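Written below as structure tokens is the structure these notes are about.
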Amino acid sequence: MGSRCALALAVLSALLCQVWSSGVFELKLQEFVNKKGLLGNRNCCRGGAGPPPCACRTFFRVCLKHYQASVSPEPPCTYGSAVTPVLGVDSFSLPDGGGADSAFSNPIRFPFGFTWPGTFSLIIEALHTDSPDDLATENPERLISRLATQRHLTVGEEWSQDLHSSGRTDLKYSYRFVCDEHYYGEGCSVFCRPRDDAFGHFTCGERGEKVCNPGWKGPYCTEPICLPGCDEQHGFCDKPGECKCRVGWQGRYCDECIRYPGCLHGTCQQPWQCNCQEGWGGLFCNQDLNYCTHHKPCKNGATCTNTGQGSYTCSCRPGYTGATCELGIDECDPSPCKNGGSCTDLENSYSCTCPPGFYGKICELSAMTCADGPCFNGGRCSDSPDGGYSCRCPVGYSGFNCEKKIDYCSSSPCSNGAKCVDLGDAYLCRCQAGFSGRHCDDNVDDCASSPCANGGTCRDGVNDFSCTCPPGYTGRNCSAPVSRCEHAPCHNGATCHERGHRYVCECARGYGGPNCQFLLPELPPGPAVVDLTEKLEGQGGPFPWVAVCAGVILVLMLLLGCAAVVVCVRLRLQKHRPPADPCRGETETMNNLANCQREKDISVSIIGATQIKNTNKKADFHGDHSADKNGFKARYPAVDYNLVQDLKGDDTAVRDAHSKRDTKCQPQGSSGEEKGTPTTLRGGEASERKRPDSGCSTSKDTKYQSVYVISEEKDECVIATEV
């Protein structure tokens, strides 16, 4: 379980390291020369046009950005930018580290948080300032010189030197890109940090590869290397140098099986076997069968054969002889080596050590010299002081005599199916379509030419690309617009027509709008009516707002005319009505009272909203001084009070009620001539002149009450109506 967790963490660490790469671009300003002390516009740095001396207080603006075929000095500086303080006047040199001015560090460092692309564009501007505190770079009049270049740069510790000359100025500088600690590879994208713990036991190579510590192996160096010779199947180890045996095996290397218990003269190929040795038999191999097996008389690996009881023969191996093969044969006995060569006896063979000047199996050949021209294919021959010679082979050949041609393609250096061509002293990879580079290991960016049109997103493949189109476009390159009528934008049975990059709806009769979503009013036929459908079909232009507005205005005019006719008819009917009592003739009432009645000292009192509650229960309004308590008295004893608004001017009961009301509600002191004429009382007088016996009572809430209560004179029920 622990090893699995360690492996998972190591894999996660490797994935994260592939995403977060780290390195730094370093630019070292070494020397700047302004020969005449002039600005780029040939003016004196102090602003005048006169002759020198002109002292140019020089500072630099550095802009590092991505590779551009035509370098633009304008921002943004995608990789970083820096502005130095004033570093000198006219011509000066810059030491490493920036010198005494702590505000400037030389070299200038631009850290990278992503893989180094290998190319960059660099802009270095030398500018003049009158004050060390004014380091603005936007004024072109301050420019002394400008360097704008693009370069290819590989990762490494070595500095790339460069010199920029612009006629009057020279700038000497150097640059490099180095990886941060624990980062390796061509783009500083390989992360490797040495460790020696439960998660790995390794160091890092030059390219960031993991180099396992002694005794460890595996992708993350988490697997211990067991004791050399330890059987891989039958042994294991928890730490380097161990060899622990599995069940059924034994020995230092766990390569010996454990025999069946009780086996005496037997062996095993698998645990718990008992395979009898020659000359022995039985279940436990404890029964003697022959002499050869028991006594092993034959020596030096000879084969013993039982020829009878107690007898045997030995079959000797080459190089041995004797009854039991105990004697070795001396192959050097006939002295096979010639020309003074020394012989060495071997098993069933011999070898000759030749003196200087001779060679061959038995030293029978004399050595050649450079005079014999032994070197082939243009090799250069050199005589050895002890005799013989040596050949120095040209490029593309090897061997003692330069007789072998080197095949540079034998190691298969080309990747991705590329064909290797041997050029004699080098090789060339012919890449398949979609790949480039020396070894054809770079996938060509098919999206570099921006093949996707109309804002489509390009995804690179192998010799191919794909486009993710924005809404409204389709096709391999997003160049084909989606049919505008595809989603049926026209409503109410309209017909959709495509007109370039838009659509036009041919509306059915009676509908209008860009999508025929409006129902048009039916207008009388005439020359002023415009057929919107024909207009849309003929012109294919925008929505005919003029025609729609004209139709709406015409309908409004018709409605206004009808309203005017109704008003005139009502006015004419009112003129022909006979004169009537103002109160009887007024049909509009509020709180069940005519406007004129609300200002009289009326015989009906309105109870305020806070004094009465709408209910269908009977209430006693006839106690002692009930009229005074409740503040109201019946006005129309014999009239249906729900029909107050329907009373006519010629109703006799209404006239009697009015006369009775006038009699009862007249204030004291009024003359008989004023009988039947409504009298208006002020709010204060009404409250002061209230009489208990009068049966009339006024209320301050008379005019603006939402509930009007009418009581029968001899009935306990209360009728309430709400206006």
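Using the three backbone atoms N, Cα and C, a Cβ is placed for every residue, glycine included.
Of the listed residues Cys447, Cys469, Cys447 is the one Swiss-Prot pairs with Cys458, by disulfide bond. The recorded disulfide partner of Cys409, taken from Swiss-Prot and restricted to Cys402, Cys414, Cys420, is Cys420.
Take the candidates Cys469, Cys490; Swiss-Prot pairs Cys478 in a disulfide bond with Cys469. For Cys245, the disulfide partner named by Swiss-Prot among Cys237, Cys254, Cys257 is Cys254. Take the CB of Asn477 (N-linked glycosylation site) and look out to 10 A: across all protein chains shown you find 16 other CB atoms. Here the listed stretches are 226-254, 257-285, 292-325, 332-363, 447-478, and the one with the most C-beta pairs under 8 angstroms to the domain 'EGF-like 5' (370-402) is 332-363.
Here the domain 'EGF-like 8' (485-516) has, by DSSP, the following mix of helix, strand and coil residues: 0 helix, 12 strand, 20 coil. Taken through DSSP, the domain 'EGF-like 2' (257-285) splits into 0 helix, 7 strand, 22 coil. Same-chain neighbours of the domain 'EGF-like 2' (257-285): 247-250, 291-294, 306, counting only residues six or more beyond its ends whose CB sits under 8 Å from a CB of the stretch.
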